[in-house]
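According to Swiss-Prot, the protein has these features:
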TOPO_DOM  1-81  topological domain 'Cytoplasmic'
TRANSMEM  82-102  transmembrane segment
TOPO_DOM  103-553  topological domain 'Extracellular'
DISULFID  Cys130-Cys297  disulfide bond
REGION    170-209  region 'Disordered'
COMPBIAS  178-197  compositional bias 'Basic residues'
DISULFID  Cys222-Cys229  disulfide bond
DISULFID  Cys274-Cys281  disulfide bond
DISULFID  Cys385-Cys470  disulfide bond
DISULFID  Cys407-Cys447  disulfide bond
DISULFID  Cys407-Cys466  disulfide bond
DISULFID  Cys411-Cys462  disulfide bond
DISULFID  Cys420-Cys447  disulfide bond
DISULFID  Cys420-Cys470  disulfide bond
DISULFID  Cys422-Cys436  disulfide bond
TRANSMEM  554-574  transmembrane segment
TOPO_DOM  575-642  topological domain 'Cytoplasmic'
REGION    587-608  region 'Disordered'
Amino acid sequence: MHQVVTVKAEKVPMGKRLRRCKQEAENQQKVEEVAEKLEKEHEGLIEFHKSYHELFQFFCNNTTIHGAIRLVCSKRNKMKTAFWSVLFFLTFGLMYWQFGILYREYFSFPVNLNLNLNSDKLTFPAVTLCTLNPYRYSAVRKELDELDRITHQTLMDLYNYSMSQVQSNGAAQSSQKRSQRSLSHHVQRHPLRRRKRNEPVSLKGNSPPVDKSDWKIGFILCNETNEDCFHQTYSSGVDAVREWYSFHYINILARMPDTKALDESNFESFIYACRFNEVTCDKANYTHFHHPLYGNCYTFNDRNNSLWTSSLPGINNGLSLLVRTEQNDYIPLLSTVTGARVMVHEQNEPAFMDDGGFNVRPGIETSISMRKETTMLLGGSYSDCTEDGSDVPVQNLYSSRYTEQVCIRSCFQIHMVKRCGCAYYFYPLPPGAEYCDYTKHIAWGYCYYKLQVEFKSNILGCFSKCRKPCEVTKYQLSAGYSHWPSAVSENWVFHILSQQNKYNITSKRNGVAKVNIFFEEWKYKTNGESPAFTVVTLLSQLGNQWSLWFGSSVLSVVELAELILDFIAITIILSFKRFRSRQVPAPSVPPPGAHDNTAFQSEPADPSAPHRFTVEAVVTTLPSYNSLEPCRRDGEAVIGLE
């Protein structure tokens, strides 16, 4: 059955068509505005690219790094793309190799050495002069009597030498008996013995090869249980006797309640004359201290409130001293050197006479010229120096400013107290400690000499812990010698000195010595350090390398950093999306037998049932062909089909 539908075309008027076009344009504009508004509403604070390809495509199209744009522009030519890719990454690697060299140089903290010559008034250094005799022998003879007898007997046994050439047999026998009693109590643990060994010995360090036949004398040191002993040996018998005598002399001093009363601190009895810059010195210009071996010591120009200054060089513009060097009352077995000992050092620094001093000969005028030299080091990462010693893990036992020697000696004394239970007499006493005395500390000598071996080989770590100061001032000394006074003038010179000091100089030339200390020149040298590779230099070198290889700026570095951050962010986002997709459950599927239920079976078709269907036709009016004509836009009209 067919039904024919007749459609009647109706022509749309022109005005209606224009209105319709205008309405469609307005609707299109509204749709675009709504879409733009929705896009702005959905725009976030931080937007990332959707893929790696999009990220690198955007970077290569917009970066200011030279060569990166070629990776995109040459993508249709695979050979060029490969060439520029290899060249780009090779250049990148070379640039960062240069960066590594620059960073390594920067973190090595190199320095430049600066040498300056300064011309100014020079502050005169402190000068310490010692008598080389710790005590007057007449004042300590009673305390040293037992030690002297033991030493005399030892010299007789070893070298057949008697200190007293005229001695009765009874006195000798009595002395020998007393010595034997003393040896059994004190010295038998540390006896002097002659030893001769023919086998060679190898010494550690830089010591020259020594045959053991040269090691002739020494003394034994044992621990408290006498289970461990060793020989403290010397190649010279004089050195061995003096060291052994000094060891027991220290024990005697430690037992004495007060040794200050024995000090001969009379300035005039040692210093006959003192002048600085042609002006006489007075008591306000020196300080006094006592050394157990070097005796009474006088330090000139150590008062910080009134320091001497020198404007001109020369012998007449320095310090001139006339000192007494007679040995009428010296300890014979301890004071083996005649003269005086002098040392030049900075103010507020202890005078370590055995390290930096030298001896002045009697009957000689010693002229010492000085040249000042200051070294200033950079601290922090540039060198292992310290400003004031506050960052050094060693307690300063001296009442002075920090020096390397102060730290080293304090370190040894602290280890001495910890290891041996007592302090060494030559160094300051730590709080709560007492000086070593073998009546209380039987094996302190064994402990001390064992500790000395560890100290010198840096097993204690004192040389590693004690760092050098960042500013050090040293004086380069040059000495000249001449006989004083001359043979034709010595009579009247010594006569005047005897009348002036009320002391009869009997030995004349061997009784006095003259010392002149002055600046050789009024210029002094300063050695300084400055950083050779600063942060500014590093940034400049990095910029030069970046410009050389890529011709870019700091903003290009920011672009590269942005690329790295975007790459990391995209990696995290994609990984998170992949993880979420694995967590979403799959859609449910009906069971395989769901349609087996008889209730869901379709009805069988009845062949006798008639076929019925309904056809609905929707008849609309066909548009006019004039409606296909485009609307006017921008003042133009396009004519369509009629």
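Every residue, even glycine, has its Cβ placed from backbone N, Cα and C.
This view paints the features noted in Swiss-Prot onto the structure.
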{"residue": "Cys229", "record": "disulfide bond", "Cβ contacts under 8 Å, 6 or more apart": "Ile220, Leu221, Cys222, Asn223, Tyr446"}
{"residue": "Cys297", "record": "disulfide bond", "Cβ contacts under 8 Å, 6 or more apart": "Thr128, Leu129, Cys130, Thr131, His288, Phe289, His290, His291, Ala351, Met353"}
{"residue": "Cys385", "record": "disulfide bond", "Cβ contacts under 8 Å, 6 or more apart": "Leu377, Leu378, Gly379, Arg467, Lys468, Pro469, Cys470"}
{"residue": "Cys407", "record": "disulfide bond", "Cβ contacts under 8 Å, 6 or more apart": "Gly389, Val392, Val394, Asn396, Cys462, Lys465, Cys466, Arg467"}
{"residue": "Cys411", "record": "disulfide bond", "Cβ contacts under 8 Å, 6 or more apart": "Val394, Leu460, Cys462, Lys465, Cys466"}
{"residue": "Cys422", "record": "disulfide bond", "Cβ contacts under 8 Å, 6 or more apart": "Met416, Ala433, Glu434, Tyr435, Cys436, Asp437, Lys440, His441, Trp444"}
Cβ neighbours within the same chain of Cys281 (disulfide bond) - under 8 Å, at least six residues apart: Cys274, Arg275, Phe300
Between Cys420 (disulfide bond) and Cys447 (disulfide bond): CA-CA distance (Å): 6
Number of other Cβ atoms within 10 Å of the Cβ of Cys466 (disulfide bond) across all protein chains: 22
Number of Cβ atoms other than its own within 10 Å, given for Cys222 (disulfide bond): 16
Sparsest-packed among the disulfide-bonded residues, when each Cβ's other Cβ atoms within 10 Å are tallied, from Cys130, Cys274: Cys274
Cβ neighbour count (within 10 Å, all chains shown) around Cys436 (disulfide bond): 22
Three-class DSSP secondary structure - Cys274 (disulfide bond): strand
Set of same-chain residues at least 6 away whose C-beta sits under 8 angstroms from Cys420 (disulfide bond): Cys436, His441, Trp444, Cys447, Tyr448, Leu451
